[in-house]
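The next block holds one structure in the form of structure tokens; read it before the comments.
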Amino acid sequence: MIGLQIKSFIKWSLVLFVILLLLFFNYRYLNIKPIEIREWILSFGILAPLFYIIVYTLRPLILFPASILSLAGGLAFGAVWGTILTVIGATGSAAVAFWVSRKLGKNVAKKEWKGKGEKVQEQLEINGFIYVIIVRLIPIFNFDMISYLSGISRVKFIQFILGTALGIIPGTFAYNFLGSSLVEPRLETILLAVGLFLVISTFPLLFNQK
């Protein structure tokens, strides 16, 4: 379990590092203001939320990074509405990957998922709903990989989709809160967002205590 804790902490630390690196690169070279991204998304008017959800739902098919979309959701719609819309879109994208995998069968599973991936698939079939919540809450494994493995397993779709919707809420809020804080950057709000990421990275400790 210690390995799980370390992997979770490393992953979230890398996420933070990449985000900060992108922000620095943008500030130093591109100078694209967060407010400009916000205005572009909102330029779709009343269709902006629907457009955002559709793009997020189709994300597994177009290979667009989920983290960037989540930050964009916070930028455009704020922490609360961004989280709600992102949860809807991310749950939809998980459903797309699940059914693509279930229809195409085991051929969709990549060779590098063997071993550890097979163990995850086994746990999905045994514990279903609870295990889906755990792997979504502690995002060590690739988001789409879990969806694909669930599709080729015997886990019920209702267990998978409900577990996904509930499990992604904390991480989704952290991304959207960070995104919303970039509209009018303040040190305290950015530090609070970073703190949320660090708190989420300690979730494995809670499961270890249980």
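Using the three backbone atoms N, Cα and C, a Cβ is placed for every residue, glycine included.
Marked as transmembrane segment by TrEMBL: 12-29 (among others).
Under the heading transmembrane segment, TrEMBL lists 41-62 (among others).
Look at TrEMBL and you will find 64-180 tagged as domain 'VTT'. In the predicted model, the domain 'VTT' (64-180) shows an average pLDDT of 81.
If you look up TrEMBL, you'll see 68-101 (among others) marked as transmembrane segment. Here the transmembrane segment (68-101) has long-range neighbours at 19, 34, 37-38, 41-42, 48-49, 52-61, 108-109, 143-144, 146-152, 157, 160-161, 164-165, 168-169, 172-173, 175-183, meaning same-chain residues at least 6 beyond its ends whose C-beta is under 8 angstroms from one of its own.
According to TrEMBL, the transmembrane segment annotation covers 129-151 (among others).
Annotated transmembrane segment per TrEMBL: 157-178 (among others), in sequence order.
Positions annotated as transmembrane segment by TrEMBL: 190-207 (among others).
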Helix, strand and coil totals (DSSP H, G, I; E, B; other) for the domain 'VTT' (64-180) = 100 helix, 0 strand, 17 coil
